[in-house]
């Protein structure tokens, strides 16, 4: 076999922006395409917006009417938070939705004896919701202080490309339980959805109509519409009439009870559930979820920047975004969404699937959220899509985000044993430790930390149940203590250095400058 000459070898140089995107962060498709793409992002965000209230509201004692109102409120506030973040925060095309990180401390509040002894279900729901609101309002101060004081910017200066590989990767990989394990609950609906979506968005992506790659760009809408109709036909024909209750919940299109429970027109407003109540134990437990969502959001911001063909967000911009996330969590507490705020990972993945990273598209999506949350019946129609359909899409979207995290390895020396050790250990522990906490909680109905101090239990169980958070602790600790002086280039710091400050790269001003000439009053650093 002839020896390959060095000049014949193909070298792929590291690139700080992904190539091949039709529209980047500050370029916009036509208004028609933008509206269709925005509606697509809105549909995708419904999965989490419906699933979190569906999980928590019945445990709080709420009925279908309460669940419908919480879903409506969560979507309404998500639209507001998204507009604030895309206008004044990082300005990245990210949807600020509900977070599963808050489930552990919220479940702790729900199980508080002072609430469980309330006999009337609706009264117990209101009292529990007010306690959740109070703890969210207090704990939101953590993100507000860390963000606007620029303390998180100082912390982020210790993050290298090497340290961010496992963190960003596990933002996607850490959500594996919401992928195929949920697909398997209704294979006859979700598996065709997965196969059809991959076929249209990838294998047939070059099919154009009027020079627009419609299958690549709008395959999610097409697939959801087709599979939703197929699922409704199965439901109407009685295919699930004699199946187990679990199968009916996951497969039928008429089990959500959102349409009948929603009002035609209703505008969510602050303190609609009553005056929040405050407890130190509840607030301290919720602060752990705030820290977890802060770390997960940081990883999602970095993934969104690459999928929007932007430069990595400078430390100042990242901290500014965390401050606005804190404002979003405060709004969650005031309105009563039943959860806190984080970046919607699935919508970040959709940026890569459609190759459209436009900020305007996400802002249009936020408009749909606000509009359809006010028109309750219409919003509930779309929200009644079976969650297993969304789970099929998550298998692709979460995978894209995970791959973006792995793409940071191009800036590091992966021929270094130090790099291999840090990435390997942090990835493994980032998956293994949360899995241990999850299995322990499932089998024992309590977390591994179960002392008499409830707030301490919530703190430990929440922190170590988050794969990106565990990965950040392990990777950043090892990366900043293990042979640091001799490994600056291996860590990728020379490449990252110019993106640490706002004025370090001329492109930062193009992507992250505040609108309405507000930088005059808030000069970046």
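Glycine is treated like the rest: Cβ placed from N, Cα and C.
Whatever TrEMBL says is automated annotation, not expert-curated.
A Cβ distance under 8 Å defines the sequence-distant neighbours of the transmembrane segment (39-58), meaning residues of its chain 6+ beyond its ends; these are 66-67, 70-71, 74-75, 78, 95, 97-98, 100, 103, 106-107, 110, 125, 218, 220-221, 224, 256, 258, 338-339, 344, 346-347, 350, 354, 361-362, 364-365, 368-369, 372, 382-383, 385, 387, 390-391, 393-394, 397. Under the heading transmembrane segment, TrEMBL lists 39-58 (among others).
Residues annotated as transmembrane segment in TrEMBL: 131-152 (among others).
Nonlocal intrachain contacts for the transmembrane segment (158-176), taken as residues 6+ away from its ends with a CB within less than 8 angstroms of a stretch CB, comprise 295-296, 298-300, 302-303, 345, 349, 394, 397-406, 408-409, 411-412, 419, 422-423, 426-427, 430-431, 434, 466-468, 471-472, 474-476, 479-480, 490-493, 495-496. Marked as transmembrane segment by TrEMBL: 158-176 (among others).
Residues 215-216, 219-220, 222-224, 226-227, 230-231, 234, 246-247, 250-251, 353, 386, 388-389, 391-393, 395-396 of the same chain lie 6 or more positions beyond the ends of the transmembrane segment (183-203) yet place their CB under 8 Å from a CB of it. What TrEMBL records for 183-203 (among others) is transmembrane segment.
Per TrEMBL, the feature transmembrane segment maps to 218-240 (among others).
Counting same-chain residues at least six beyond the ends of the transmembrane segment (361-383), those with a Cβ under 8 angstroms from any Cβ of the stretch are 23, 28-29, 34-35, 37-43, 45-46, 49-50, 68, 71-73, 75-76, 78-80, 82-83, 86-87, 93-95, 256, 258-259, 261-268, 347. According to TrEMBL, the transmembrane segment annotation covers 361-383 (among others).
Among the features that TrEMBL reports, transmembrane segment is placed at 389-408 (among others). Beyond the transmembrane segment (389-408), the same-chain residues lying 6 or more positions past its ends with a Cβ under 8 Å from any Cβ of the stretch are 18, 44, 46-47, 51, 161-162, 164-173, 175-176, 178-180, 182-183, 189-191, 193-194, 197-198, 201, 220, 223-224, 227-228, 231, 299-300, 303, 306-307, 345-350, 352-353, 492.
Among the features that TrEMBL reports, transmembrane segment is placed at 420-437 (among others).
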